[in-house]
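Taken straight from TrEMBL:
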- 30-50: transmembrane segment (TRANSMEM)
- 70-88: transmembrane segment (TRANSMEM)
- 95-112: transmembrane segment (TRANSMEM)
- 118-137: transmembrane segment (TRANSMEM)
- 158-179: transmembrane segment (TRANSMEM)
- 191-210: transmembrane segment (TRANSMEM)
- 247-263: transmembrane segment (TRANSMEM)
- 283-300: transmembrane segment (TRANSMEM)
- 312-334: transmembrane segment (TRANSMEM)
- 354-379: transmembrane segment (TRANSMEM)
- 422-443: transmembrane segment (TRANSMEM)
Amino acid sequence: MGVTVDGRDEESNSTTVAVYKSRFRYNSPLVQVCLIGLVCFCCPGMFNALSGMGGGGQVDHTAANNANTALYTTFAVFGILGGGIYNILGPKITLLSACSTYVLYAGSFLYYNHYKHQSFAIAAGAVLGIGAGLLWAAEGAIMTSYPPPNRKGSYISLFWSIFNMGGVIGGLIPFFLNYHRSDAASVNDATYIGFMCFMFAGALLSLAILPPNKVVRDDGTRCSNIKYSKVSTEVTEILKLFLNWKMLLIVPASWASNFFYSYQFNNVNGLQFNLRTRGLNNVFYWGAQMVGSIGIGYLLDFSFNSRRTRGLFGIAVVALLGSGIWAGGFANQLNYSHSKLPEKLDFKDSGSGFAGPFVLYFSYGLLDAMFQSMVYWVIGSLADDSETLSRYSGFYKGVQSAGAAVAWQVDTHKVPLMSQLIVNWGLTTISYPLLIILVVFAVKDDNNSEQVTSKEANPVADGVAKTT
């Protein structure tokens, strides 16, 4: 019997590809998606917990709003450029440099807790925007290109669950550290230090991520045969995205997908609940995201045989659920405004008055995960190679961040709360028919797409069944 070396049997001289049975290999898509999930657990997961408290944990939201505006402005630029930078530098350098900026951002609020100078927080926000653009472009490429084509929904939901566990743990940090400070307005120093420790661990963990050409699926195919790109190539390909009809159809969904955060964090959680209850609410908000991502991931992978039908069904489910949740938000918003602020609710002392707003905030988290997982699934269905999907993901995050930059200033300028809600509801609603058009005309059914992508990923994969 011959020895197989680099996919070639030395005696028979026939081309073969080893079929890998274990999904828990270090170079398997499953392990790599789990690792990027843990990186995002530590960095953006903790950032989400910090932001979810409203005002970055401060009584005055101005510093956090201005920092977030700076953050999402640079994020919008580097989100779009991030895919090209990732293709040039690879995952390790890209992710390590990106994760380091999260530590700086949390540290800026520790500084603000003592000196009340927002300039450091704003500068740190701008730097974090650069890092976040790189991180999410890399994450998008890994999450959409590493998994097998017919299981992208499941891998996206797995990532989303691990990532949002960071928000759950991050919500417990301010809840426990400020539990006996029921009348406190700003979080204590230990809260920010705890966030910084997690973020630093995420930066170190990013060194474990493998480049796509070293990741091998269970059938022996590699995620990409291209190691690194060139600056000129990436500039050209990024510019083409602005004329790509597929990307243009995603623009409303991209803009909407982070636009609602300022409203939900500052004006639902921040205005209606006291400090310790906001921390508890975040535990359930990000926990709801885990539930939502698992649910929509199952529908997008297993509900029907046809990939296109699964996509259309998933969009319909999210559209119906989203309409109901936003309608509930509309009813809740009738009860208060900037000129008629509500009494702060506490999970222990407010009785039944706590239940309705709490369920609404939980539902917002559920919808967020389902909406974003759905959009990522659509993006992942448009191609299968890491290079293309890193650009698509970067474009998505860039437009998303531009919307978020506008949203945080909308809140700073005290736009009426009902107007904010209606705009958020309208933006998500507009995106559904456009995503349907994209799925109908651009997403191929499993049988055709899997054959094409397997051959593109590994030209000899067609011979695996015959020779192994």
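Any Cβ shown, glycine's included, is placed from N, Cα and C.
Same-chain neighbours of the transmembrane segment (422-443): 246, 249-250, 252-253, 255-256, 259-260, 263, 307-308, 311-312, 315, 318-319, 322-323, 326, 329-330, 371, 374-375, 378, 381-382, 449, counting only residues six or more beyond its ends whose CB sits under 8 Å from a CB of the stretch.
Each of 70-88, 95-112, 118-137, 158-179, 312-334 was scored by its Cβ pairs under 8 Å to the transmembrane segment (191-210), and the highest score goes to 95-112. By the Cβ criterion (under 8 Å, sequence separation of 6 or more), the transmembrane segment (118-137) is not in contact with the transmembrane segment (158-179), since fewer than 3 such pairs are found. Most Cβ pairs within less than 8 Å of the transmembrane segment (312-334), among stretches 30-50, 70-88, 158-179, 354-379, belong to 354-379. Across 30-50, 95-112, 158-179, 283-300, 354-379, the stretch most heavily in contact with the transmembrane segment (247-263), judged by Cβ pairs under 8 Å, is 354-379. Proximity of the transmembrane segment (158-179) to the transmembrane segment (30-50) is established through 3 or more Cβ-Cβ distances under 8 Å for residue pairs spaced 6 or more apart. Ranking 70-88, 95-112, 283-300, 354-379 by CB pairs under 8 A with the transmembrane segment (30-50) puts 95-112 at the top. Within the chain carrying the transmembrane segment (70-88), a Cβ under 8 angstroms from the stretch's Cβ atoms is held by residues 94, 105, 122-123, 125-130, 132-138, 140-141, 228-231, 234-235, 237-238, 241, 258, 386-387, 390-405, 408, all 6 or more beyond its ends.
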